[in-house]
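As given in Swiss-Prot:
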DOMAIN    2-182  domain 'KARI N-terminal Rossmann'
BINDING   25, 26, 27, 28, 51, 53, 83, 84, 85, 86, 134  NADP(+) binding site
ACT_SITE  108  active site
DOMAIN    183-328  domain 'KARI C-terminal knotted'
BINDING   191, 195  Mg(2+) 1 binding site
BINDING   191, 227, 231  Mg(2+) 2 binding site
BINDING   252  substrate binding site
């Protein structure tokens, strides 16, 4: 069984005499920076000129510097800007400001695993990947808890990379819930697979197909929306809280029986093969190459698809219904 590291296993003092630069002040950036500061770590924020986040970071009491300055002055530099921006930022502002023994950190392995960022041999390269969005990382921290995380060491120049990355994980509150060791390869490939096959791509297509099946059969659009999309949160929350057994305990016996006899009629071997194909494209770099190319060419297909999805019938029905749900406001 994989080992989990908790508060008692990690020494936060490792970071107390270091300066940490958090590059980016978005979802994860604000959470990492504030949690580290609350734990007594010296934190500065590195942002590009004209960043919309600069004012917010200053209002939150942080010293804001350019990415280059923050990198140069820090002992640990955490890259928290979006994946598609990291290569450019690294090449222009980080690469030439790294010094021997510095720690270069990431919250996702994409750019290291797919060789978009190629650090020099004289730095440690690590990852701390919280298993939750930034607002949750911050919110549960303020309540005395934490979001679990994965950690990895890609390059250990100082022979102290593991204690450094674990201290960082403790600094953001992750060891309160537990952190699990992985590799950049495993984190990247499993994270992308989960997003594409289940959490985002898979669930979106399942919902849309269920909705369309009911509407095509003559049922009201609003009823189809409630049954196939709105109630999804109720079920997912139960699974999140206590696994499939909690969900099945909480639903009716009729629903549970339908789960057993019909689930496999929908998610067939064809779906399994589709998942395998998705995983292979992640493993062999085909997906990464396509995403990198999409960004290099201006995101035309990406933005077109986003617009098309916004204008689908189910999206319009959802917006109308949610506008009448006062409890969502």
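A Cβ is built for glycine as well, from the same backbone N, Cα and C atoms used for every other residue.
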*Can you tell me how far the Cα of residue 85 (NADP(+) binding site) sits from the Cα of residue 231 (Mg(2+) 2 binding site), in Å?*
36
*Secondary structure content, the domain 'KARI C-terminal knotted' (183-328) (per DSSP, counts of residues)*: 125 helix, 0 strand, 21 coil
*For residue 85 (NADP(+) binding site), just count the other CB atoms lying within 10 A of its CB, please.*
14
_Maximum Cα-Cα separation (Å), residues 25, 26, 27, 28, 51, 53, 83, 84, 85, 86, 134 listed as binding NADP(+)_ = 19
_The one of 83, 191, 227, 231 whose CB sees the fewest other CB atoms within 10 Å, among these binding-site residues_ = 231
_Cβ neighbours within 10 Å, counted over all protein chains: which one of the binding-site residues 27, 51, 252 has the most?_
51
*Have a look around residue 134 (NADP(+) binding site) and count the other CB atoms within 10 A of its CB, chains all included.*
21
_Please report the distance from the Cα of the residue listed as 'active site' to the Cα of residue 83 (NADP(+) binding site), rounded to the nearest angstrom._
8
*Hey, what's the Cβ neighbour count for residue 195 (Mg(2+) 1 binding site) at 10 Å?*
13
